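Before any comments, here is the structure.
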Amino acid sequence: EMSQPRLLCACLLICRTGAVALKVQQCSAQHPALRERRQCSARARACTRACTTLCALNAADAQGDAAAPLPALPPLLRGRSNTAAIWRVAWPSVVIGLLRAALGQVDAWYVGRLGSVQLQAISAASFLVWVVYIAGELCSVGVHALSSAAEGAGDRSDGVGAAVVQGLWFAVAASAAIAALASRPALLAAYFSAVGVTEPSVAAAGEAYARVTAVWGTLPLSAEACVLAGFKGIGETRPALAIAALTVVLNAALNGPFIARDGVAGAAWATNLSAAAGCLTALLALSRRGVRLRLRPPSLRALRRIGVIGAPLASSGLLFSAVYVALGRALAALSPSYLAALGVGHRIEAMAYTACEGYAVGTATVVGQWAGARRPNGAVKAAGAAARVAVATMLPILVLVYGCAAPAVRLFSRDAVVVGAAAQYLRIVALVFPVMAVEAVYEGALTGVQQMLPVLLVGIVGNLARVPLAMALLPRYGVTGVWLAIAISTAFKAPAKWLCFRRAPKRAVELPDA
């Protein structure tokens, strides 16, 4: 409630359409003393000075807006609702994600026919192979965010091209670092020991698969992800879909002869070669869509920006993998079949996860283009529309996975313990699929506005909580406690990322250097 002196001199400041009106209420006739009138005059002069300063700032902002008019909307946003624009990018991205996951599914299908030892080997190696894919995500996330902003700002030719080329340089550096680490046999042996693999035959097969993937596969897998991110940034994902399909078909064709020649490692060679072919095809197709892919030297500023955008998500992914190493060790202590069950469950769950990632890609593209076009309100509305559509999409997937969990697991293993544990895992995590969709959408929205630090912070809290929560539930519920811990932590991360996006700045997106 206002005090009596403030009632004597009330200032009303009205700012609308650049006009500022200042009305100073006259001193109350009930207080005619000279001293009080002087106080009123002093307050009036102070209000006048404050209003004059505000007018100058408003005039400067108006001049800046006039000097830098808003860019025209990019083709993706022109004449479409946010839902239509997101869906145009999302559904091919969903299929691309499923096809990309199918590279591992094809490997698992072929290797599973060799025996349970080989299947356990690639299941144990899956966490390390995950690190290789995270390296690709590190550069592709940065390229996606920068190319979306460049497309929104109307700079497809040079801006998007610069983002993709610098992303390829980043992929070269990241693949060299991973290859150097994976070339050390002691590190691979320590990894398989850490995940609880004690059978020498399983460890040997897993090391061969992981070494070929890390040393020879990081560059083609990362480079292909980087170039496909350029397609996502400009909102043209259908050509990327065709390239991803070509990659999977080639992988399926190469798996048989390479596995016959090299065993489990042959599956990794088939994946690497198919990814290299897909990368070259994607480069040619992207250049035909107005993106100028001229060779540029690496720019430290651009590489740093790609790293700043992609590193939080990659670090969160690495933490995610480390958490699953700890959980895998706990499961292997109960039974090696439970570790295989987790690996099979992940491969089937990948369908739902990649569907969520498709919506995350669509959200990142549309939000990033709105932000690049300097229209933050459009970015907020686009994220909300994406969340609603993603939840509606995940409901039938929930029903399908819950009802068909056991038959789906039997496609990968006929071991009764593996089938029972993996089916139970799928039924539990299926219940949080809609929440997982909301988490993915707002992670994509944060990518679009280039604010990825909240993703890391939420990932640290949510993922690390899985280990103590699983250890607390394990004595009472057994392996079911581990599955419950995973589902509970997923339910926490969705509202946290929504809140982070609502509070994130949406104007200060950075454009790539042409």
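Glycine is no exception: its Cβ is also placed from the backbone N, Cα and C atoms.
Straight from TrEMBL, the features:
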SIGNAL    1-21  signal peptide
TRANSMEM  124-147  transmembrane segment
TRANSMEM  159-182  transmembrane segment
TRANSMEM  240-260  transmembrane segment
TRANSMEM  266-286  transmembrane segment
TRANSMEM  306-327  transmembrane segment
TRANSMEM  385-405  transmembrane segment
TRANSMEM  417-438  transmembrane segment
TRANSMEM  444-465  transmembrane segment
TRANSMEM  477-496  transmembrane segment
Verify whether three or more Cβ pairs under 8 angstroms connect the transmembrane segment (240-260) with the transmembrane segment (266-286), leaving out any pair fewer than 6 apart in sequence.
yes
Top stretch among 124-147, 159-182, 306-327, 417-438, 477-496 for CB pairs under 8 A with the transmembrane segment (444-465)?
306-327
Give the nonlocal contacts of the transmembrane segment (477-496) in its own chain as ranges (CB under 8 Å, at least six residues past its ends).
327, 330-331, 334, 338, 341, 421, 424-425, 428-429, 431-432, 435-436, 438-439, 442, 458-459, 461-463, 465-467, 469-470
State the non-local partners of the transmembrane segment (306-327) in its own chain: residues 6+ outside its ends, Cβ under 8 Å from one of its Cβ atoms.
127-128, 130-131, 134-135, 137-143, 145-146, 163, 166-167, 170, 191, 194-195, 342, 443, 447, 450, 452-453, 455-456, 458-460, 463-464, 466-467, 470, 482, 486
Tertiary contacts of the transmembrane segment (417-438), defined by C-beta under 8 angstroms and 6+ residue spacing from its ends, are 335, 337-338, 340-342, 344-345, 348-349, 352-353, 355-356, 359, 387, 390-391, 393-395, 397-398, 401-402, 405-406, 408-410, 479-480, 483-484, 486-487, 490-491, 494-495, 497-498
Can you name the far-off residues of the same chain, 6+ from the ends of the transmembrane segment (159-182), with a Cβ under 8 Å from a Cβ of it?
131-132, 135-136, 138-140, 142-143, 146-147, 149-151, 153, 188, 210-211, 214-216, 218-219, 222-223, 225-227, 229-230, 233-234, 286, 291-296, 298-299, 302-303, 306-307, 511-514
